[in-house]
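For reference, the structure is listed below as structure tokens.
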Amino acid sequence: MDSSLIKDYKSFKARSMKQPTVESKKAKPSGGEHKSKPKVPKSSYLPKELLQPKKPASPSPDYKSHAFRSKHKFAVLAAIVDFMKQRHLQRKFDPLSLDEILDQIKYTDINQGDKAWLGNEALKENSKLIHKDGKFVFKPKYHIKDKKQLLRLLERHEDSGSGGILLDDIRESLPDADEVIKSVGRRIMFITRSTDKKVILFFKNDQHQLKVDEEFQKHWRGVSVEGIGENDIEKYLINAGITTMQDSGIRRPQQAQQKRKTNRKRNFKKLNTHLDESLTHFWLNKCPV
């Protein structure tokens with residue numbers, strides 16, 4: 001290398017060493033970034049079925065404003081039922097009289113005829129309310145107040161063969177239903193009905209849990225039956241010496257055979273039978289042999 005270039009390089013290096021420099025320190029990664037997030041117990045996860053929106057509640061009346069409220073008797077009835085339902089879900093189970101209810105929902109200005117109709121007919125006959133000793137309380141579909149009663153109800157339904165219970169009915173009956181269901185989610189089975197996407201709750205019985213060998217599962221998943229009808233599968237099984245199930249459980253209703261109507265001879269009432277002999281004599285006299 002040329003000696004002049006080496007000399008220039010050394011002088012440049014010396015000048016650069018004399019210039020002060022400030023190095024920016026690299027931010028050390030905080031320990032929390034590398035640490036894995038704390039595991040949340042499965043029981044605290046919200047089951048995906050609970051993400052189903054609740055039934056749209058009727059708009060609650062503005063109790064502070066009287067300007068935009070409907071005073072029609074059916075509107076007042078709907079407001080009363082909705083108010084009593086909200087009290088139940090807030091764990092207020094004490095009954096109220098009609099005057100107490102109207103006072104709390106600010107409907108004390110309704111006419112006396114509608115008030116009499118509410119107290120004597122509408123509220124007493126309403127399926128969502130219980131009337132006792134002149135007072136009313138909300139009537140849920142299921143009388144449950146905690147997780148023990150919920151599990152007991154689901155278990156009774158399973159034992160009696162009644163099936164599951166709609167999530168909407170549980171939410172209407174049980175205060176803090178979502179939190180209660182979340183706490184016992186491992187003991188409940190959620191099924192979404194395909195027809196209307198409603199979620200149904202079933203009791204999960206551990207005795208019915210069947211453990212299947214992994215090798216069998218592997219073979220089962222490896223069998224492809226795409227494009228093969230049930231009749232073809234049945235023939236294949238019969239050729240392999242395997243008996244197929246005969247009764248599928250689906251029975252078509254048999255049409256009742258219509259009875260053939262027999263032609264019956266009708267008996268007609270004969271009139272003037274007392275003239276038979278007279279007509280015979282008349283005919284013989286008219287036409288002598």
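Just so you know, glycine gets a Cβ as well, placed from its N, Cα and C.
Taken verbatim from TrEMBL:
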COMPBIAS  1-11  compositional bias 'Basic and acidic residues'
COMPBIAS  23-35  compositional bias 'Basic and acidic residues'
DOMAIN    56-145  domain 'TFIIE beta'
REGION    1-65  region 'Disordered'
Quiz item: When the compositional bias 'Basic and acidic residues' (1-11) is classified with DSSP, how many of its residues are helical, how many are strand and how many are coil?
Solution: 9 helix, 0 strand, 2 coil
Quiz item: On the 0 to 100 scale, where does the mean pLDDT of the domain 'TFIIE beta' (56-145) fall?
Solution: 86
Quiz item: Would you list the DSSP helix, strand and coil counts for the residues of the domain 'TFIIE beta' (56-145)?
Solution: 38 helix, 10 strand, 42 coil
